[in-house]
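Annotation source TrEMBL lists compositional bias 'Polar residues' at B:1-12. Residues annotated as region 'Disordered' in TrEMBL: B:1-23. The domain 'Cytochrome oxidase subunit I profile' feature in TrEMBL is assigned to B:31-594. Taken from TrEMBL, the feature transmembrane segment covers B:48-70, B:97-122, B:143-162, B:193-213, B:233-259, B:301-318, B:325-345, B:357-375, B:396-416, B:428-454, B:466-485, B:515-536.
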Amino acid sequence: MSGFLAVLVVVLIFIVIFQIAKASEYVSILKGEKKAREQSNRINGFMLIAFLVLGLIGVYWCNDLLKGKILGESASEQGEGVDTLIYVTLAITGVVFVITQIALFWFAFKYQEKEGRKAFYFPHNNKLEVIWTVIPAIALTILVAFGLKHWFQLTSEAPKDAAVVEITGKQFNWIFRYPGKDGALGRRDFTKIDPAAGNELGLDWNDPLNKDDFMPTEMHLVVGKPVKLVIGSRDVIHDVGLPHFRMKMDAVPGIPTTLWFTPKYTTKQMKEKTGNADFTYEISCDQMCGSGHYSMRGVIVVETQEEYDKWVAGQKSTYSLTHADTAAPAGEAKADSTQKTVAANIK
Amino acid sequence: MSNEATLHSQQEVMHGAHDHHDHEHHHEDSFISKYVFSMDHKMIAKQFLITGIVWAIIGAFFSVLFRLQLGFPDATFPWLESILGHWAKGGRISAEAYYALVTMHGTILVFFVLTAGLSGTFSNLLIPLQVGARDMASPFMNCLSYWFFFLASLVMMASLFVQTGPASGGWTMYPPLSALGDASIGSKIGVDLWLTSMALFVVSQLLGGLNYISTLLNMRTKGMAMTKMPLTIWSFFFTAVLGVLSFPVLLSGFILLLMDRHAGTSFYLSDIFIAGKALANEGGSAILYQHLFWFLGHPEVYIIILPAMGMVSEVLAVSSRKPIFGYLAMIGSLFAICILAFLVWAHHMFVTGLNPFLGAFFVLLTLLIAVPSAIKVFNWITTIWKGNINFTPASLFSIGFVSTFISGGLTGIWLGNSSIDIHLHDTMFVIAHFHIVMGVSAFFGMFAGIYHWFPKMYGRFMNNTIGYIHFWVTMIGAYLIFWPMHYEGMAGMPRRYYDVSGWASFKQFGGLNEFITIVVILVFAVQLLFVFNFFYSIFKGRKMTNQNPWNATTLEWTTPIHAGHGNWPGEIPEVYRWAYDYSKDGRDFIPQTEPIGPNESAH
């Protein structure tokens, strides 16, 4: 019923607008086309200048209202470069924006049709055209140079001492894998994936490097220490989006990708900095991956080296977890030995 | 009735004269050959336009639906269940339905409205009329072009009604999501229908494009050198060239996708484990599809915006009573954009793992496009400088076009720089950017074209008052919707999120999302007002009394008010000058058909 009423109200408003519009057409004919035209030009000319003024105030006001809701300072060293480039670009495009919009609306207002005004026949002017070809070209060269400098830094090889964490996307969550004590990730093969047996990534158990790899539910990173993410996907294309670190990279099935960055602040520090007790570093999926795309959330905890070491010590290797189960019925001796391996691995 | 009489009395005499004139050339067309399988470019233009309008209403309505979800994620709207059934159980759109709506919104608006509806309409209408030809080079191919588009429309429409729903992997249709029915419900029959429809659409575009190119290269009237053509024609020319060269690449990409879906090939698929089993496909590259797609996809945005640029150039010159500033620079910048359009596609792929060294070239070439774009903007602004501007709805929309083109174009400089893109890629910032620069701007160009050439199409005017309301609400609304959206993107809020309330980093925008949704509904309502004005004016609008109502120089206004098939009753007029002699030598305008006088100053 209320829906019906809403439709009725909309239709009524339409009819009213339409009747007014039709009546104004008759009035303009009775009044004479010339007079109606003068009046409409005056009104629209005024509207254009009002739009400019209110629009520029609105831009300022909108910024005032929303600037506190964006991310604030970058939480990675690499992101600082991204932010600097954003500010430089904002300054250049901002100036161009204000000047061109003012010129556009001001000219439209100033040169509205008036009795007796003659338009100025001005088909071209080579000097002007050269000026406004060269100036944008110079401005853009600067932006390209700055941009590429940062780009090559962002995409450079990760430092040798960088920690390595593997992150794999699947519909609809992230799977993390740490190399364990040996510092190397073991081989994997998508045909060996067997979620029922706890092998989400298809780790090849014949590869000894896999024996100590562990797969936590959250990603833990050490503050101030560069980390290299090895990114992959199990099914469709996903994208590792790290808004606080200003980083992003697609997860493509069959084609591993990487990115690296150095976290600047621990999660705890960020909570204090932002004054938000719920602050969390989140990993968003930024590439449409199906109906659960919007819920593909991962969590990163950045902490100090001590906290991190403690956390690692509490992790069990995936091998031990998966093989403890299957081994259990086979006899106590074997289970025992597995546990020993686990213990050894953790040390 | 007395009002009607006032409205229409003045032109009876003139109109009578024309009726008489028309009859000499009239050969009786049947309803079918006149309105359905018409070969008259003017009728085909109207067919494209009206089909485009129908699609625009559907596509825009879809955006209202998914904005409801985004703005009010916790609310329920029982009427949604009555129209969407199990896709909106309990009055809340499901995630699957949300993604289907988003995908269809993109597909419909980009291809069916802003490609077919925009260049299909105005290239058809204006190329023969403005270059002085009786019709297209091949009227039959032109007719086929529309009917292939119609078939594509039917297939796409049908996909909305299949049980598993239409394609829902985003309008870019990236595999493997679009290749595997197990990955998404929309990737079952929905994607097959989508691909079929798009294949038909590509055929339609090629038939149309080849026709536009051959007509304007070969069938210009006597005296109409290329450099005397109005900028509209130049823009349609470059648009058609872009389409003809890039649509086939898209089609090849689609065919490979279709084979991956049904023929067991592995062009795009490798190392996939889905629905509990590992697939046999190995060695394919999902990124290959993106290259093929964006090789069209990027030129596509220029296919959308160039016709709008051309029409805005024309309308601004006519309503300012000034020549377009820097005619040759305008052509040169169109040409530069056209070339560069083919060399920047990978800027959509900076974060796919593309070689960074290769990415660097795409940064350079992408930012290079800003130069011709800047030239165009400065030239438009200089065109209105010291003019004598009459604010018709068409000229207001043209001014609005320049404004939104600046706003959206400048954020392109942000995104084209890969180091910024690495943060903003696939966020709401991108949504804001391309909606302003190719959505709103292209629509403004299209509206300018419709208001300006409506009298040529139907012999009547649209209602001005509704036109002004339409312009102001759309202009203000567009900025209110998309300006604050940049901030969501700056915070990293990804695009295509069904619900952000579960995210610590993005949920602070709940109130803003609500606000945007309300504005969207208002703006949508005003578009319906425009549609009403359009159809009402076809039958009841104020009649045209003067065959050249805007005092324009171009050839289309030398045809009779109701031009028959063939456009000019007698000889096709000869052309002696460029299209922009406004306010020259103390004369308001000099038509292209007037020979150059002995004492005339050169331009």
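Using N, Cα and C of the backbone, Cβ positions are placed for all residues, glycine too.
Nobody curates TrEMBL annotations by hand; they come from automatic prediction.
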Segment confidence, the domain 'Cytochrome oxidase subunit I profile' (B:31-594), expressed as mean pLDDT:
95
Which range wins on Cβ pairs under 8 Å with the transmembrane segment (B:325-345): B:233-259, B:301-318, B:515-536?
B:233-259
Is the transmembrane segment (B:466-485) in contact with the transmembrane segment (B:301-318), using at least 3 Cβ pairs under 8 Å (sequence separation of 6 or more) as the test?
no
Take the C-beta pairs under 8 A between the transmembrane segment (B:357-375) and each of B:48-70, B:143-162, B:233-259, B:396-416, B:515-536. Which stretch has the highest count?
B:396-416
With an 8 Å cut-off on Cβ pairs and a sequence gap of 6 or more, do the transmembrane segment (B:396-416) and the transmembrane segment (B:428-454) reach 3 or more such pairs?
yes
Pairs of Cβ atoms less than 8 Å apart decide it: which stretch in B:143-162, B:233-259, B:428-454 has the most with the transmembrane segment (B:48-70)?
B:143-162
Top stretch among B:143-162, B:193-213, B:233-259, B:428-454, B:515-536 for CB pairs under 8 A with the transmembrane segment (B:466-485)?
B:515-536
Which listed range (B:143-162, B:428-454, B:515-536) shows the maximal number of Cβ pairs under 8 Å with respect to the transmembrane segment (B:193-213)?
B:143-162
